[in-house]
Amino acid sequence: MLPAQLGPNTRQRWQKVLYKRQPFPDNYVDQSFLEKLRKNIHARKYQYRAVVFESGVVIQQLCSVCVFVVIWRYMDVGLLAPQWLFGAGLVTSLIGYVLFDVLDSGMGRNQSGQTRWADLKNTVVFVAFTYGFSPVLKTLTESISTDTIYAMSSLMLLGHLIFYDYGANAAIVSSTLSLNMAIFASVCLASRLPRSLHAFVMVTFAIQIFALWPMLQKKLKARTPRCYVVATLLFALSALVGLLTISSVGMVLFALLLLSISCLCPYCLIKLQLFKDNIHGPWDEAEIKEDLSKFLM
C-alpha cells in the first residue's frame, strides 16, 4: 500500500469507492484506512464455572460409553444375568419417563400430539421386534473374527462420541449418525455374548443409555441445572466404580480424562482467549444484512 504522502494529487481527497475515477494508484490508501480497524469484535468472554458446567455434556457421554462397556463385560463373563439387567432397565426407564414428563410439563407432548398410549405401543413394538430378531443378532457376525468385532465396536463408539450433538453448531454434528454408530457397536458386541437373550437385553440397554438417557439429561440441564450437576457427578462416580472392578489402571486413566475435560480444558480455553487477536476493517468481505427472502419468492 502507498502512504498518503505519495499520492499524485494531494488537492483531491481520496475516497474508498470503486465507481468513481480518481487520480490515485489502485493500491493507494490514505491515513484514514486504519482508523476503522477493530479487534476481536465477536470474541466471547467465558466464565470458568460456566465452561465447567457445559463440559458436563461431554462427561455424561463418555460415562455412558464406559457404563455400556462395563455392563457388556459383566454379561460376557457371567457376573450379570440378563434378567436382572432387563428388570433394572425397565424400572429406571419408567422412573425416567415419569421424571421427563414432570419436567416437560406436557409442553412437548402438546406440540407433537403424542399420547402416552402411543408411547406404550411404540415401546411394546420395539421390545417385541428386538426380541424376535435377537437370534439373528446373535448369529449375525459368526463369520467375523472376534478381534475384528472389537475393533469395529471401538471405532463405532469413537465415532459416536465424535458426531454426538454436544450443543455446538458445527457441520460435523449428526445426532442420527451418532446414535446409529452406537447401536451398531452394541449389535456387534451383543453378538459375542453367550445366548440370544443376552443379545436382546444388550441392544435394549444400548437404546436406553444412548437414546433415552441423553433426552432426560438435556431436560434436566434446561430445567434444573443443580440436579443436572448432581446427576452428572453420580453418573461419573458410577462409571468409575464399575470400571474399577474391571481394571484399576483403566479407572485411573479414565478419571484423569474426566478431570482434564471438566477442569483443565476449561482453564486452557479461558487462558487462550487472552491471545486471541482477530482484526476487522475495510478489507473484510461485504456482508448483506438485508433480508433477501422477499426476492426469492
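Quick reminder: no glycine exception, Cβ is built from N, Cα and C everywhere.
Database features (TrEMBL):
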- 51-75: transmembrane segment (TRANSMEM)
- 81-100: transmembrane segment (TRANSMEM)
- 120-137: transmembrane segment (TRANSMEM)
- 149-166: transmembrane segment (TRANSMEM)
- 173-193: transmembrane segment (TRANSMEM)
- 199-216: transmembrane segment (TRANSMEM)
- 228-246: transmembrane segment (TRANSMEM)
- 252-270: transmembrane segment (TRANSMEM)
Taking pairs 6 or more apart in sequence, does the count of Cβ pairs under 8 Å between the transmembrane segment (149-166) and the transmembrane segment (51-75) hit 3 or more? yes
Under 8 angstroms, Cβ to Cβ: which one of 51-75, 120-137, 173-193, 199-216, 228-246 has the largest number of such pairs with the transmembrane segment (81-100)? 199-216
